[in-house]
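J.: Structure in structure tokens, see below.
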Amino acid sequence: MRPVAHAPSRLVRGLILGSIGLVFAIPIIAMVEFTLRRGLAGGHDFSRWTALFQGGFTGPYRSVLVALGNSVGLAVGTVAIVLLLLVPTLLLVHLRFPRLRRLMEFVCILPISIPAIVLVVGLAPVYSVLARVAGSGVWTLSFAYGITVLPFAYRAIQSNLDGVDVRTLSEAARTLGAGWGSVLLRVLIPNLRRGILAGAFISVAVVLGEFTIASLLNRITLQTALVVVSKADPYTAVILSLLALTFAFLLLLVIGRLGTVRTGRRRPITGGQP
């Protein structure tokens, strides 16, 4: 007889979470300390922070706000492209073509094994044609980013899909007269919300932190703008990096909160009174 597995105690959980928290906190604390240094004069103060906010992000720092807007737009576009294409395709393969699941997994996981520089070399001819047809705006990066985040979004959604009996749910809904649109939007998508939100989290994080593809394709994003600022003022570049981290954390928190609120509005199904 197998021994019963026990959950770790509160102390063990606290130690694990504390250790993980230190791994993330130490670099951030070091960045904050670096921005407070007074250089050769020694000591610490908030002069660089106050100068940045009093200046209102004008002059050379205004490009960072433009780049931040570009990155947020790219994150939204990438999430929309990936989820609108990936979720229906995964459900179709799972319900109608289960033999293609291995091929689907291979295609979705393949981009993670391709270096970004190789991906850019392959996409450069495509973007030259795309620039002549639809322009060379920064929004076109969402297609390249969609390929980059595809493995992460696929794994998050597929893990949730493995734990849901979508075939039984879809057949039950169809038996009750629901169309495929209602089955998808009112039955399957709500049961896959956790995986979809996880895929959106990862996609947003990857897009906000991506540098190589944007730099090689000469597009202005948050990371490329921070590199330009760091060449002139490394202290301000670190301050802007901390603000970008805070913004990304708040953005992910809002996305997660929206999903939680929407789930909480659904009342649990209970048995009727006899």
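Placement of Cβ uses the backbone N, Cα and C atoms for every residue, glycine included.
Bear in mind that TrEMBL entries carry predicted annotations, made automatically and left uncurated.
According to TrEMBL, the record shows the following:
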type	residues	note
TRANSMEM	12-32	transmembrane segment
DOMAIN	68-255	domain 'ABC transmembrane type-1'
TRANSMEM	72-94	transmembrane segment
TRANSMEM	106-127	transmembrane segment
TRANSMEM	133-154	transmembrane segment
TRANSMEM	196-217	transmembrane segment
TRANSMEM	237-258	transmembrane segment
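So where do these features actually land, and what's packed around them?
T.: Here the transmembrane segment (12-32) has Cβ contacts under 8 Å with residues 238, 241-242, 245 of the same chain, all six or more residues outside its ends.
Within its own chain, the transmembrane segment (72-94) has Cβ neighbours under 8 Å at 100-101, 104, 108, 138-139, 141-143, 145-146, 149-150, 153-154, 157-158, 161, 166-167, 184, 188-189, 192, 196, 199-200, 203-204, 207-208, 221, 251, counting only residues six or more beyond its boundaries.
Long-range Cβ contacts of the transmembrane segment (133-154) within its own chain (Cβ-Cβ under 8 Å, at least 6 residues beyond either end) map to 70, 73-74, 77-78, 81-83, 85-86, 90, 105, 108-112, 116, 119-120, 123, 127, 199-200, 202-203, 206-207, 210, 213-214, 217, 219-221.
Through the fold, the transmembrane segment (196-217) approaches residues 71, 74-75, 78-79, 82-83, 86-87, 116-117, 119-120, 123-124, 127, 141, 144-145, 148-149, 152-154, 156-157, 160, 189, 223-224, 227, 244, 248, 251-252, 255-256, 259 of its own chain, all at least 6 residues removed from its boundaries and within a Cβ separation under 8 Å.
Within the chain, the transmembrane segment (237-258) has long-range Cβ neighbours (under 8 A, six or more residues past its boundaries) at 28, 31-32, 34-35, 48-49, 52, 61, 64, 68, 72, 75, 197, 200-201, 204-205, 208, 222, 226-227, 229-230.
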J.: For the transmembrane segment (106-127), could you work out the same-chain residues 6 or more beyond its ends whose Cβ comes under 8 Å from its Cβ atoms?
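T.: Sequence-remote neighbours of the transmembrane segment (106-127) are 86, 136, 140, 144, 147-148, 150-152, 154-155, 212-213, 216-217.
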